[in-house]
Amino acid sequence: MAGSGHENGAVSIRPADNLAVFEVSKKPKKNKFALGCAMLASLTSMLLGYDIGVMSGAIIFIKKDLKISDVQIEILVGVLNLYCLVGSIVAGNIADWIGRRYTIVLANVIIFVGSLFMGFSVNYAFLMVGRFIAGIGVGFAIMGAVLYNAEISPASSRGFLTSFPEVCINVGILLGYVSNYAFSKLPTRIGWRLMLGAGATPSIFLVFAVLAMPESPRWLVMQGKLGEAKVVLEKTLDTKEEALLRLNDIKEAAGIPQDSTGDVVVVQKQTNSNGAWRELLLHPTPTVKHILICTVGIHFFQQSSGVDAVVLYSPRIFEKAGITSSNEQLLTTVAVGICKTIFILVATFLLDKSGRRALLLISTGGMVVSLATLGFSLTIINHSEAKLTWAIALCITMVLSFVAFFAIGMGPIAGIYTSEIFPLKLRAQGISLGVAVNRVTSGIIAMTFLSLYQAITIGGAFFLFAGIAAVGWLFFNICLPETRGKTLEETERLFGNLVGWREVDKKMNEDNTKRTTHGQEGSDG
């Protein structure tokens with residue numbers, strides 16, 4: 001396993017250990033260059049959020065204009081996630097071939113084309129073609145942004161910077177909700193087309209903005225471009241010494257000898273990524289198996305707890321709660337978007353302070369309570385002939401509570417955690433697999449929610465989501481190690497024992513404390 005550092009008995013201190021001492025002994029400030037790069041890379045994710053948000057309101061008008069059924073609405077809403085599956089898997093290979101930066105550029109081009117197709121759709125079939133193209137682009141965008149941010153970020157602020165894609169998704173959702181309300185005043189056949197087509201405009205500017213970013217230093221090392229990687233690391237980290245330590249760490253993980261110091265070195269490359277996929281899925285080590293279980297689990301539970309049911313169908317939920325005016329439904333949906341955006345911003349400042357596990361467990365616990373209470377309030381409303389103002393207020397409050405708890409933990413942590421735990425040579429494929437699981441689960445929820453609540457009532461649907469979230473809480477508590485403050489390469493050492501990782505984590509923290517103490521004593525001496 002790359003980065004294990006214990007196979008050669010002659011090596012007493014690994015580069016990753018030195019880096020850990022450096023990062024523990026000195027708390028760096030947020031690097032403005034890394035911050036800017038992470039923000040630019042993440043802006044593409046805003047287009048996914050916009051599509052999610054705008055579609056929640058657009059389907060009201062699409063159904064009226066194109067005269068389509070609820071089943072066709074479910075397919076229209078959810079199928080983008082399945083197309084995103086194709087995009088994310090392909091993007092894992094593309095990112096290793098052309099680089100992380102150009103993968104994000106390609107994502108914007110594809111989303112631009114897809115948005116134009118949707119905006120100029122004349123019928124349901126044409127609209128579905130646009131959804132297919134946009135879905136491929138969204139898969140590229142999510143995978144590229146998360147991968148790039150993880151590899152450009154210092155360990156001390158990786159949670160903060162890697163959460164940016166999720167922040168941008170939430171901002172995009174809010175903009176989609178606002179767009180719904182703004183364009184809803186136009187004639188039906190024009191309004192929904194402008195809602196969907198407006199997503200093409202940002203893509204043009206993002207293409208040029210992303211080209212101004214540097215390439216990921218880890219990808220540059222994998223190509224043997226050590227000189228370029230060193231320049232990027234010196235810009236994104238706080239000192240040249242830290243940059244050198246991190247470069248040595250990445251070289252070790254990539255299998256490049258430490259005595260290779262030229263600006264360009266020859267790296268033995270696979271002719272394709274089939275070897276990485278075989279190692280990931282067919283012949284995984286115990287460490288990789290643990291990582292795979294955590295990746296699949298966190299992405300599955302993130303989406304199967306019903307977040308897309310709330311975000312995509314919030315107008316329908318509010319209608320079932322007793323809010324009959326479409327104007328009031330869209331306004332209440334805007335409040336959902338504002339709440340979700342505020343709490344994701346709060347999360348970005350807590351991720352590197354409170355840790356991933358603590359926020360994830362608090363978030364999931366709050367989601368369970370909110371979903372169960374939402375199910376209760378909707379059941380009461382469903383069985384009452386009179387209008388119950390308190391139940392309607394409780395329903396709205398629980399929707400806001402649910403998205404707040406989701407945004408403060410489960411939302412950003414799924415992507416952050418996945419980007420931290422895979423070895424360098426499997427990272428692109430691992431992240432694309434996580435995105436694939438995420439989007440497939442999301443697609444299934446989006447494509448079945450209307451049918452589900454018609455079968456078991458809308459209150460029963462949210463009781464089901466609450467039960468799934470409760471199982472997720474148990475899974476996270478048992479299986480997921482804490483990764484806060486550790487380097488990407490050091491994080492790998494935590495995995496390999498699904499339920500016994502706590503002992504490894506404890507020993508790692510003790511060793512880092514001892515090295516820090518010895519380093520301080522040597523400095524004092």
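Every residue gets a Cβ built from N, Cα and C, even glycine.
According to TrEMBL, the protein has these features:
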{"type": "DOMAIN", "residues": "37-484", "note": "domain 'Major facilitator superfamily (MFS) profile'"}
{"type": "TRANSMEM", "residues": "33-61", "note": "transmembrane segment"}
{"type": "TRANSMEM", "residues": "73-95", "note": "transmembrane segment"}
{"type": "TRANSMEM", "residues": "101-122", "note": "transmembrane segment"}
{"type": "TRANSMEM", "residues": "129-148", "note": "transmembrane segment"}
{"type": "TRANSMEM", "residues": "160-178", "note": "transmembrane segment"}
{"type": "TRANSMEM", "residues": "190-213", "note": "transmembrane segment"}
{"type": "TRANSMEM", "residues": "330-351", "note": "transmembrane segment"}
{"type": "TRANSMEM", "residues": "358-382", "note": "transmembrane segment"}
{"type": "TRANSMEM", "residues": "388-418", "note": "transmembrane segment"}
{"type": "TRANSMEM", "residues": "430-450", "note": "transmembrane segment"}
{"type": "TRANSMEM", "residues": "456-476", "note": "transmembrane segment"}
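Counting residues 6+ beyond its ends, the transmembrane segment (33-61) has Cβ neighbours under 8 Å at 73, 76-77, 80, 100-101, 104, 107-108, 111, 115, 134, 137-138, 141-142, 144-145, 148-149, 152-154, 157, 161-162, 164-177, 179-181, 184, 188, 191-192, 195-196, 198-199, 202-203, 206, 209-210, 212-214, 235-237, 308, 311-315, 326, 330, 333, 337 in the same chain.
Note: the stretches the transmembrane segment (358-382) and the transmembrane segment (456-476) are in contact (3+ CB pairs below 8 A, sequence gap of 6 or more). Summed and averaged per residue, pLDDT over the domain 'Major facilitator superfamily (MFS) profile' (37-484) gives 87.
The recorded stretches the transmembrane segment (129-148) and the transmembrane segment (456-476) do not share 3+ CB pairs below 8 A when only pairs 6 or more apart in sequence are counted, and are therefore not in contact. Of the ranges 190-213, 388-418, 430-450, the one with the most Cβ pairs under 8 Å to the transmembrane segment (330-351) is 388-418. Between the transmembrane segment (430-450) and the stretches 73-95, 101-122, 160-178, 190-213, 388-418, Cβ pairs under 8 Å are most numerous for 73-95. For the transmembrane segment (190-213), the neighbouring stretch richest in Cβ pairs under 8 Å, chosen from 73-95, 101-122, 160-178, 388-418, is 101-122.
Stretch with the largest number of CB pairs closer than 8 A to the transmembrane segment (388-418), among 73-95, 101-122, 160-178: 160-178.
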